[in-house]
Amino acid sequence: MGRKPCCSKEGMNRGAWASMEDKILVTYIKTHGEGKWRSLPKRAGLKRCGKSCRLRWLNYLRPGIKRGNISEDEEDLIIRLHNLLGNRWSLIAGRLPGRTDNEIKNYWNTNLGRRVHDQSHQHCRPNPTITSTKPADAPPANANTVATMPVRTKAARCTRAFFSDDLSDQKEVAANNDGLDNKKEEFDAVGSIGPLLQENVGNAVGEDTNIDMAVSLDSLLLFDSFQVDDGINLQSMAALLDSEDQWF
């Protein structure tokens, strides 16, 4: 068996309340007090349902109801209470003086509920991952890793040879040293035949001539074109020695 309805719903006014109906309801409640909502319409002379009379009084006509828009502080309090209590609007309204449960429920369904849902959905949304365009086998950009990587050289074919100036200078110095060695050998050869030349020159001149054969190496180096020959001419050698005496 279900609960008995408060009225038969026949011949009842529906829709917006008129100002005369509000005045009759307020006067009756002030005289007899709240309660007994099933029999109140009949005793007050209203063609309204008992439930409709109760909601009209609690949500609009009772004293102490706060009129106007809900402030930001009240919004924050409603959000926190809803997180704790859920959709228990009567308990939430009991902690907001001057606000009715019906008003808070309507404000939540039209404004706060959608806003809180969008904020929570935005916070729970994962950040999109940025795909990297680097190849899979690319080494990481690390100085230590790059330093330890092996260096692979590419084979190249040598088509030309280049000699630096230092190499040319070394060749020139070696050539000069070879020339000095050759001059020294020539000087030693001349020194070994010195006594023979002195004797032959003395016989050719016809007098006892004492010729100093101590020819220096520096003097022989002045003659770049001088070369020792096996068939040397004694007369030309004597002329050469005379020129040596004139120098000294």
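Glycine is treated like the rest: Cβ placed from N, Cα and C.
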- Task: Select from 37-61, 137-161, 187-211 the stretch of residues annotated by Swiss-Prot as DNA-binding region.
- Result: 37-61
- DSSP-assigned states of the DNA-binding region (37-61) in counts, ordered helix, strand, coil: 17 helix, 0 strand, 8 coil
- Summarise the model confidence on the domain 'HTH myb-type 1' (9-61) as a single mean pLDDT, whole number. 90
